[in-house]
Structures are given as C-alpha cells and as structure tokens.
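Below is one structure, written out as structure tokens; the observations come after it.
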Amino acid sequence: IHDLAVRRNEAANWLRRTVGVVCAKNLAEEPSEEEFRVGLRNGIILCNAVNKIQPGTVPKVVEVHSVSTIPSDGSALCAYQYFENVRNFLTGLQDLGLPTFEVSDLEKGGQGVRVVDCVLALKSFAETKKLGKQSLFKHGGIVKPSMSAKCSVRKNEPFMKAMTRSHSAELLRDGVSPEQTLGLDCSLEPAETITSDSIRMLVQTIISDKKPEEVPLLVESLLSKVIHEFERRMANQNDLMDDEDHNSVGSTGDVSAAGLVNGDSVAKEIQAMADIHFELQKKQIQDMKSNICTVKSGIEQFKLQYSEDLAKLGNHLRTISHAASGYHKVLEENRKLYNQIQDLRGNIRVYCRVRPFLPGKVSSSSSVAGIEDRTITLMTSSKQGKDARKSFTFNRVFGPLATQAEVFVDMQPLVRSVLDGYNVCIFAYGQTGSGKTFTMSGPKILTEEGLGVNYRALNDLFDIQAQRRDTFCYEISVQMMEIYNEQVRDLLHSGPNKKLEIRNSSQNGIAVPDANRVPVASTSDVVDLMNLGQKNRAVCSTAMNDRSSRSHSCVTVHVQGRDLTSGTVLRGCMHLVDLAGSERVDKSEVVGDRLKEAQHINKSLAALGDVIASLAQKNAHVPYRNSKLTQLLQDSLGGQAKTLMFVHIAPEPDAIGESISTLKFADRVASVELGAAKTNKEGGEVKELKEQIACLKAALASKDGENESIRSTHSSPDILRDIRISHAPPASGHPGEEAGCLEVFIFQAEIHSTTFS
Ligand SMILES: Nc1ncnc2c1ncn2[C@@H]1O[C@H](COP(=O)(O)OP(=O)(O)OP(=O)(O)O)[C@@H](O)[C@H]1O
C-alpha cells in the first residue's frame with residue numbers, strides 16, 4: 001500500500017509539473033486514491049499532459065470552464081465530456097504505444113492502480129523522449145498502434161499485466177532488479193523485438209564490469225527470472241484464454257477478437273452515456289411539459305381572476321360614477337340653494353358706513369346721533385333750539401369703529417356666487433372724502449387688517465378657485481375702466497385714450513370687448529393691474545378733498561368656469577365700483593369743466609339710483625340707458641345678479657346736508673328690498689297688513705263705509721314705510737257707528753299709520 005501511495009504521489013507530482021499548477025489545481029501533491037481519481041476524472045489533466053509531451057495527441061480537450069457548469073449530481077453531460085477526454089487520452093496513449101487503463105478505473109470501484117501505472121508509463125515516455133531515446137522506445141516498443149496494439153488493453157485486464165505483456169524491458173528490469181545498479185533502465189527494448197544481437201549487447205552490458213566468477217551466478221539469476229517470467233506469461237495467457245471464452249468472443253482467442261470486445265464495450269459505454277443523456281433529456285422535457293401545464297393552468301387561473309377583478313372594478317366604477325354624478329347633482333343643488341339663500345337675503349343690499357373723524361379734525365359734535373344694528377339716526381337741524389332727528393334703515397349700519405373684516409363679512413358669500421356663474425356689483429357711494437376708497441381698497445398705507453373689500457373678495461375668489469380645482473377649471477381675467485364725463489376709458493391702456501363702445505348684446509358677458517382684458521392667476525396680479533389703472537384714473541383736486549375722484553372707476557373680474565365632469569360652462573363677473581363723489585354741485589363750488597364733471601357725475605348717480613329702485617320695485621321698465629354707468633353694468637344689475645352698495649357718511653356736522661342726501665338716495669334704493677327682507681322675517685304680519693289694505697281699498701271703493709268696520713291692532717309703521725295711511729277724525733252722525741266714520745287717504749299705497757279704529 002505504501003508503495004502504491006509512493007507511486008501515486010510520483011504520478012501526481014509529475015502530472016502537476018507537466019500541466020502546470022493552474023491546470024492541475026484539482027490534483028493534490030500527495031492525493032489519496034479518491035482524490036487522485038476525482039482529480040483526473042474529467043480527463044483534462046491527462047489530455048493536457050499527453051499533449052505537452054506529444055503535441056496534438058488529443059486534438060480537442062473538452063475543458064470545464066466554470067465550476068457552475070458542473071452539475072453537482074455529475075450529470076450525463078459532464079460525464080459525457082469526461083468520457084470524451086478520457087477516451088481521447090486513452091486512444092492517444094494507444095497511438096503512442098503506451099499502456100492504458102479502463103475508463104471505469106476513474107470511477108468509484110475502478111482500479112486506480114492502473115491509472116497510476118499508465119501515468120508513470122507516460123512519465124517514462126516523456127523522460128525517454130527528453131533524453132532523445134524516443135526512437136529506442138518507439139522502435140523497441142509497440143511501433144504503431146494497430147488492432148494488435150489496441151488489444152493490449154483488454155476489458156478488465158489489469159494495466160500492469162498488459163504492460164508487462166507488452167514491455168519485455170520491464171521484465172528484464174524486474175527480473176534483474178539487482179542489475180538496475182548496473183545502469184539498466186526501463187527504456188530497454190521490448191522483448192518481442194529482441195534479436196540475438198541485442199541479446200548479446202545486453203549480456204555484454206550486464207557482464208562487462210563483472211568479475212568472471214560473478215558471471216555464472218548472474219546468468220543463473222537471469223535464467224531463473226526468465227523462466228519465472230515465462231511461467232507467469234503462460235499463466236496469463238491461460239487467464240486470457242479463459243476470459244475470452246467467458247466473453248464468448250470465440251475460440252479463435254486472437255487479439256482481434258479481444259479488440260472487438262473492447263470496441264463493443266466502448267460502443268456500449270457510449271450507448272449507455274447516450275441513453276443516460278437521452279433519459280435525462282426526456283426527463284427534462286417531461287419536467288418542462290409539466291411546468292408548462294402548471295404555468296398554463298396558472299395563467300388560466302390568473303385570467304379568470306383578472307376577469308373577475310375587472311368585472312368587480314367595473315361595478316365599483318359604475319357605483320363611483322353613479323355616486324359622482326349624484327355628487328355633482330348635489331353640488332349643483334347646493335349651488336342653487338346657496339344662491340337662493342342669497343336671493344332671499346335680497347338681491348339688492350345696502351349697507352351704511354360711518355367714517356370716523358379724521359385725525360386732527362376730531363369734533364365734539366357729530367352729525368350722527370345714533371347707530372343701531374340696522375338704523376342710523378342723523379341730527380338734521382336745530383328747530384327752535386331743539387334737535388331734529390332722522391332715521392334710516394339699511395341691511396346693516398357700520399359705525400366708525402367697524403373693521404374692514406366686519407364690513408366684508410356680508411359680501412363674502414357673494415364671492416362664491418360669482419364662481420357659481422352669478423354677476424355681482426359692489427358699489428361704494430358717498431360724498432368725496434367719506435371713505436369710499438377706504439372701504440373698497442383700504443388706507444393709503446396698506447396693512448393686512450386694512451385690506452379693503454376688493455382685496456378680500458379677490459383673495460376669496462382665488463381661494464375658492466383653488467378648492468374647486470378638481471371639479472372646475474376657471475379662467476379669470478380683469479378689465480378696469482373709468483367713466484369720466486360719460487365716456488368710458490380703458491384704465492389698463494396706458495397709451496392715448498380711445499373711445500370705447502358698450503355692447504350689451506354680447507354673449508360672453510363682456511360689455512366692453514375693446515377694453516383690455518388681462519388674465520390673472522392671483523390677487524397680486526389683480527392688485528398690480530389695479531395700481532396701473534389707478535395711475536391712469538382721472539384724479540383732480542376740488543375744494544372738498546384734495547384727492548377727490550371725479551370719475552367712476554370699475555374693476556371687473558370675469559370668471560369663466562368649466563365643470564370638469566359635465567363640461568358645463570359657467571360665467572360670472574364681479575364689478576367693484578368706486579363711484580365718483582356724490583356731493584351736490586353747488587357745494588363743490590365749482591364752475592367750468594369741474595361743473596361739467598359734477599353734472600355728469602350727479603346725472604349718472606341719479607340714473608344708477610333709478611335703475612336700482614326700479615329693479616327693487618320690479619318695474620317692467622328699467623332705465624339702463626340713461627347713463628354709461630348703468631349701461632356698463634346692465635348685465636350685472638337685475639335678474640339674478642346681486643347688487644351690494646356701501647353708502648358712506650362723513651360724521652362732520654358741516655357734512656350733514658350731503659349725508660342726508662346720501663341716505664335718501666340709499667333709502668330709495670334699499671326700501672323695497674328691505675321690505676322684502678322683512679317679509680321673509682315677519683311674513684305673516686306683513687301679509688295680514690296687505691290684506692287689511694286690500695279691505696281698506698274695498699271699503700273706499702264702496703264709499704259707504706257703513707258695512708265695514710275695519711280694525712287693526714297692528715302697529716308696524718316701519719315695516720311698510722312705503723305705505724302711509726292718513727287717519728282722519730270720524731265724521732259726525734251715522735247712527736249705529738261705534739267709532740264714527742272712517743276716512744282713509746291712501747297716497748300711492750303709502751300707509752301713514754296702520755292703526756285703525
Ligand atoms: N373707516 C375709516 N377708518 C379710518 N379712516 C378712514 C375710514 N374711511 C375713510 N378714512 C380716511 O378718510 C380719508 C378719505 O377717505 P377716502 O379717500 O377713502 O374717501 P373717498 O370717499 O374715497 O374720497 P374720494 O371720493 O375723493 O376718492 C382717507 O384718509 C381715509 O384713510
């Protein structure tokens with residue numbers, strides 16, 4: 001065993017040296033039998049070794065390129081590759097006339113010793129070749145592999161047997177082991193070709209340096225070895241014959257028959273490998289088929305699931321779209337209801353705002369005697385030392401301390417109406433210096449609290465636009481115009497003035513199509529435009545105010561919204577109108593151009609009052625055409641449009657005349673709407689009063705007054721201030737009358753008193 005290990009190590013070392021460390025990485029220096037077998041199993045080292053010694057012996061070495069390509073189970077493919085290599089190696093060895101081994105010797109259970117012998121033989125061959133003795137080896141050995149040479153490797157024949165059978169030099173070496181010391185090496189000629197000359201030379205070589213007395217002993221020893229070898233050979237021959245019989249090769253027993261056996265076994269091995277390979281591929285195909293089936297059924301399952309999911313999604317989508325359309329209906333309904341509420345609150349709303357005393361002009365007396373939630377009382381004049389007071393009622397009265405935010409609260413809901421497609425007009429009315437610009441824009445030095453209704457309304461507009469981003473797409477644009485001396489000017493046009501026409505027949509709600517209309521995306525955009533417009537506005541000094549506006553300025557914000565679901569387009573606009581000072585001409589102490597300006601202003605303000613009053617009274621005819629101002633705003637005054645007017649009162653006692661005229665103007669505009677507002681609040685009461693008035697009318701029509709005794713316990717003179725009934729003392733005389741004759745005067749349906757008896 002020790003000897004075998006030594007020889008194996010020798011073989012391994014020689015292979016490692018020959019093929020190099022890289023190629024021989026799988027072969028240890030001192031491998032165990034198993035390591036040796038596994039290291040050489042793929043034939044690569046062997047093929048490379050023989051190719052190094054005799055280039056081209058194995059024309060194509062099947063290399064294993066990466067470990068990952070070697071299946072762990074030693075699959076057929078790799079085995080086939082190994083087989084190729086090992087087969088080619090063995091064939092190469094046969095061609096070189098070297099002893100070979102069985103392919104199965106590289107498998108478990110094979111005879112590793114034969115592989116070791118084969119490698120060592122190759123080593124000897126290499127060394128001989130190196131020493132230039134190849135010819136000796138060649139000529140002395142198996143010259144050319146032939147069938148007879150091939151048959152030297154027989155199935156199951158131990159390698160060494162074949163070797164000894166083929167190489168008589170080995171016999172000589174073995175037989176004369178002591179002679180190795182005489183300089184004999186394994187490259188002696190094989191026995192088959194030994195001639196008498198060569199025997200003589202051999203003998204001479206052996207005995208040349210021997211003493212004569214040593215020769216007989218030497219000859220004896222040699223002869224006994226020869227005999228021994230002869231006997232061994234004979235025995236081998238018998239074994240061989242038995243093997244051949246056993247393998248049914250026939251009784252010929254010649255080498256060619258053995259060669260056939262060997263060829264058969266190779267074919268069988270190839271066939272076996274091919275079968276394994278085929279079986280493996282068959283199995284793989286079956287696996288793949290079953291995989292395909294699994295995948296197919298998976299896909300079917302997936303398809304089914306997918307169509308189910310799709311159907312479910314479809315249902316969900318239908319529900320959602322149904323809900324969405326319902327939601328849109330609700331939104332629409334909400335929008336309508338919201339604006340109906342605005343309608344109920346009055347389409348025309350009038351607010352009164354009292355300016356505080358200006359800094360440095362604080363007075364101990366004020367023209368304003370009292371302010372309640374909705375009523376303002378003015379100190380009109382002193383009659384015989386007594387103060388006379390006059391009260392006016394509005395939607396709301398704001399005192400001098402009211403903040404800008406409080407003033408905005410009531411108009412805030414109207415901003416939403418603009419985005420819902422309604423038109424809104426916001427007016428600032430009052431004498432010069434009463435605070436119109438302050439209400440609309442704010443003080444000269446703007447702070448956040450000081451922001452006027454313009455800015456607040458625009459901020460809200462853009463905020464609501466952003467909130468509705470998912471449902472509506474809004475386009476917002478701005479026009480800014482001035483009406484000066486009954487001429488419309490474009491305040492966003494900085495060049496020379498051009499005369500602008502007002503067209504009320506336009507479909508898109510643009511009354512002055514020739515005026516610049518600038519798209520805006522934020523409040524600051526609008527503010528920039530307003531500043532530009534303000535620069536262009538005609539501002540002129542008067543005796544009343546050094547910054548008196550002698551023209552009406554109108555900022556119009558056009559809003560066009562498209563419902564992203566229904567595609568419906570809504571158009572609305574908001575007019576922010578800072579009216580020119582309303583002071584009477586005579587007080588302005590103006591003449592010439594200033595007088596002309598004042599007359600135009602007064603005329604247009606009166607026309608505005610007329611229009612609003614006739615709208616409030618629901619007259620059939622509304623005199624829009626009496627001024628440019630009312631023409632410009634025609635679409636936004638009346639119908640479903642909302643009008644909001646802030647009338648401004650200066651508290652200074654010397655402004656009382658203007659204040660009263662302002663309040664009368666506002667009262668005229670507000671009265672009917674306020675009546676309507678009361679109707680909503682106190683509907684039953686007003687209805688009853690109206691019924692009573694109808695009875696009164698009927699009583700008057702019958703003129704006898706005898707059958708009716710109309711009584712009323714109501715006393716609400718401020719509810720229907722447009723109806724005044726004059727109450728006369730009863731006429732004398734009619735019998736049976738408890739309370740005398742009733743004489744009623746109705747002046748244009750105005751009730752002076754609602755208490756009758
Ligand atoms: N509610 C208020 N609180 C404090 N200051 C006010 C208020 N209203 C007006 N003012 C101040 O009174 C002055 C005159 O106001 P404003 O310019 O707004 O009047 P106007 O009616 O617009 O005048 P005009 O017709 O000349 O434009 C300004 O200095 C303004 O800041």
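Cβ atoms are placed via backbone N, Cα and C, with glycine included.
Per TrEMBL, the features are as follows:
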type	residues	note
DOMAIN	5-127	domain 'Calponin-homology (CH)'
DOMAIN	347-672	domain 'Kinesin motor'
BINDING	G430, Q431, T432, G433, S434, G435, K436, T437	ATP binding site
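For the recorded site, G430 (ATP binding site), the DSSP three-state label reads strand.
In the three-state DSSP scheme, K436 (ATP binding site) is classed as helix.
Counted within 10 Å of its Cβ, the other Cβ atoms near S434 (ATP binding site) come to 28, all protein chains included. All protein chains considered, the CB of G433 (ATP binding site) has 23 other CB atoms within 10 Å. Neighbour density at the Cβ, taken as the number of other Cβ atoms within 10 Å, is lowest among the binding-site residues G430, G435 for G435. Across the domain 'Calponin-homology (CH)' (5-127), DSSP assigns 77 helix, 0 strand, 46 coil. A simple way to gauge crowding: the CB of T432 (ATP binding site) has 24 other CB atoms within 10 angstroms, across all the protein chains here. Only T432, G433, G435, K436, T437, in sequence order, out of the binding-site residues Q431, T432, G433, G435, K436, T437 have a CB under 6 Å from ligand 1.
The binding-site residues under consideration are Q431, T437. Their Cβ neighbour counts within 10 Å are lowest for T437. For the domain 'Calponin-homology (CH)' (5-127), the predicted model reports an average pLDDT of 82.
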